[in-house]
Amino acid sequence: MPTPLRVLLVEDSEDDAMLLLADLEAEGYLPVAARVDTAAAMLASLERDAWDLVISDDSMPSFNADAALRVLQARGLDLPFLIVSGTISDERAVAAMRAGAHDYIVKGNRARLIPAIERELREAQGRRARREAEAALRQAEADRALQRTKADLISTVSHELRTPLASILGALELLSRGDARPETRQKLLDVALQEGRRLKAVIENWLNLQRLEHGGQPLAFAAVDLHRVIERATADVETDPRCPLTVVVDAHVPAVWGDEDQVLLVLSNLLVNARKYSPTGGAIVLGARPSGAMVEVSVGDQGIGIPAAALQRVFEQFFRVDGPHRRTISGTGLGLAICRRIVEAHGGRIWAESEGEDRGSVFTFTLPVAPQGPPATDVRLPDHGRGAGDGHG
């Protein structure tokens, strides 16, 4: 049975093309071919159809094998490229092979043509098989990494659920005895409240993961008063005398265009992170200033800092900077990833800066200035949910 073979012929002579196809048929092939003689026609054919190999003449008036080879390489295709020409010197052939051609054959030399085609088809198949094997290996490693990440996440979330729950139950059990002094009762209530908030944050982060994987929710865009958002965010953050908070907002900061609750979530996450990763204390500075068509908001701390190698990764899902003094800080590695998605959905960007370990961090994000008098709009935010801050350590 004839072997199907899809051949793109770069040839200006229809007669020569028919003779070459006849040679292929005589050797047991069933060729399906297209003939082109310009770069534009060749590019269109490569974009439109799938080919097994390219056979090019080298003596056409306005198009030659070098130009055809460049068209093929520009498309990034790994196809056997054979030069079949009536006039080609050894020097010219060597130069063509160095440029990427696989072989050259004098026209009419069927004894050389067919073995060359068969050899190059085999080698091309071998290259495809290697690429597919390498891609499968990379995918398998990515799948294993994902499974490890999910297992780590489940372990982390399980720990993060059990720890505050145990504290809440312990406090409630002591309160239920009814013999605690008033000041002790208040301390126990404070513990239960604090750990309840922590438990709520973990659950919200877990829900975030589900939303990230299975869909989004709409953003209600409108003009947002950043002064009001900052006031809400700072009111929600627990006071800590070891981490005094300073707010530095330019008096001329305009309204931004966004979803106020989601902007609040980003800012709250960053403030929580700043305090969380300042275990020994240090000032926290929240700033906002106009920057062209955007408003730039930053949260800086004097905490444990971020290694340079981790600055680009802190916004990845589940990523947490490792280190012995960081492992006691709770977190699931989702908060900053959520911040990035929210900011990017608003048309802004977010980044982290740090001079290194124990040198503090600054997280900055931008939001577009609100247009004058637009109607409110809803836009679906992909891969996003609500969640409490956690992330770089």
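Every residue, even glycine, has its Cβ placed from backbone N, Cα and C.
Just so it is clear, the model here is predicted, and its values are computed rather than measured.
Now, the feature entries from TrEMBL:
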COILED    114-150  coiled coil
COMPBIAS  380-393  compositional bias 'Basic and acidic residues'
DOMAIN    6-122  domain 'Response regulatory'
DOMAIN    156-371  domain 'Histidine kinase'
MOD_RES   ASP57  4-aspartylphosphate
REGION    370-393  region 'Disordered'
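DSSP labels the residues of the domain 'Response regulatory' (6-122) in these numbers: 56 helix, 26 strand, 35 coil.
Across the domain 'Histidine kinase' (156-371), the model assigns an average pLDDT of 84.
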